[in-house]
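Student: TrEMBL lists these features:
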BINDING   G65, S66, Q82, Q83, F84, R85  GTP binding site
DOMAIN    1-146  domain 'C-CAP/cofactor C-like'
Amino acid sequence: QVDPKDYTFSGLKDETVGRLPGKVAGQQFVIQDCENCSIYIFDHSATITIDDCVNCQIFLGPIKGSVFFRDCKDCKCIVACQQFRTRDCKKLEVFLCCATQPIIESSTGMKFGCFQYYYPELALQFKDAGLSIFNNTWSNIHDFTPVSGENNWGLLPEDAVVQDYVPLPSSEELKAVRISTVAMRSIIPITRGRRQKSSDESCLAVFFAGDYTIANARKLIDEMTGKGFQLVQTKEVSMKAEDAHRVFQQCASEFIPLLEKGPVVALEFNGDGAVEGCRSTINDVFSGTKVFVSESKASASQDVDNFYNFADMQMGM
């Protein structure tokens, strides 16, 4: 028998509270009327609502459905979810991983950055919540109630340090979770999103489903960012033969048989020499693995557009 009290934080003040991995296990959770609290949900959940919270620091592990902030102000959050919504909120700063377009409504002073966090159980929790670590539209905010001449939201500074916003938990119980906020270890690849690109050259790389797809994609990200290129966006999506023709054009036929194994993982890198850098890295590191890589600087921007236009339609953005 589920006791709602086990899945609610209500009316707390100046407290540090949380749930350890395995304690929420896909249930719904409610956080309401909390002030000056540090709240950590180190598990996956079905949905979470956060109402009337003031000056709280909040970490929410993977949420299968939606997270909804209402009437909250001055909160700093780290959130991973399928859908993100706020209504009547002021000054929320959120490190976000969201599979669909985040929506704000009647909210002001909102700031967003890319989710970055690691603890050993997190990868499995993403899986249990049905979320892909590669589907993150954190910076693609839709403002339902824009005010002309004003901007209700913006992006956090690029060098924002997660721990300055949501410190690691101080309570003995929660210290047991082995957390790292180092960017390199983040479970979610850190992307530039909608930030200004540094170069007019991008490159698309697409990995096909197999036993090592995630590991290979992460390895390429590490290699490319290590060489100074920037990861703009990532996507995991299923493709059909007609999609492959649209995206991979003349080399579609060699990739079509691979699509039946499962979804593809696509990465967009940016920087002068990105195509050459990506092609040589793939040759050096992934010989024997079938990967689609843009041929040239000229075709690369078209590849990126073709892929992401198709993917956005797939995801119903």
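Placed from the backbone N, Cα and C atoms, the Cβ positions cover glycine too.
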Student: Treating G and I as helix alongside H, and B as strand alongside E, what does DSSP give for the domain 'C-CAP/cofactor C-like' (1-146) in helix, strand and coil?
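Tutor: The composition, in the requested order, is 11 helix, 73 strand, 62 coil.
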Student: Applying the rule Cβ within 8 Å of the centroid of the Cβ atoms of G65, S66, Q82, Q83, F84, R85, what extra residues of the same chain belong around the GTP site?
Tutor: T47, I63, V67, F68, C81, C98, T100
Student: Considering each pair of residues in G65, S66, Q82, Q83, F84, R85, all listed as binding GTP, report the largest CA to CA distance in Å, no decimals.
Tutor: 11
Student: Just jot down the residues in the same chain as F84 (GTP binding site), at least 6 apart in sequence, with C-beta under 8 A of its C-beta; none if empty.
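Tutor: For F84 (GTP binding site), the qualifying residues are S66, V67, V94, L96, C98, T100, P102, I103.
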Student: Under 8 Å Cβ-Cβ from R85 (GTP binding site), six or more apart in the same chain: what's there?
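Tutor: Once residues fewer than 6 apart are set aside, R85 (GTP binding site) is near S66, V67, F68, F69, P102, I103, I104, E105.
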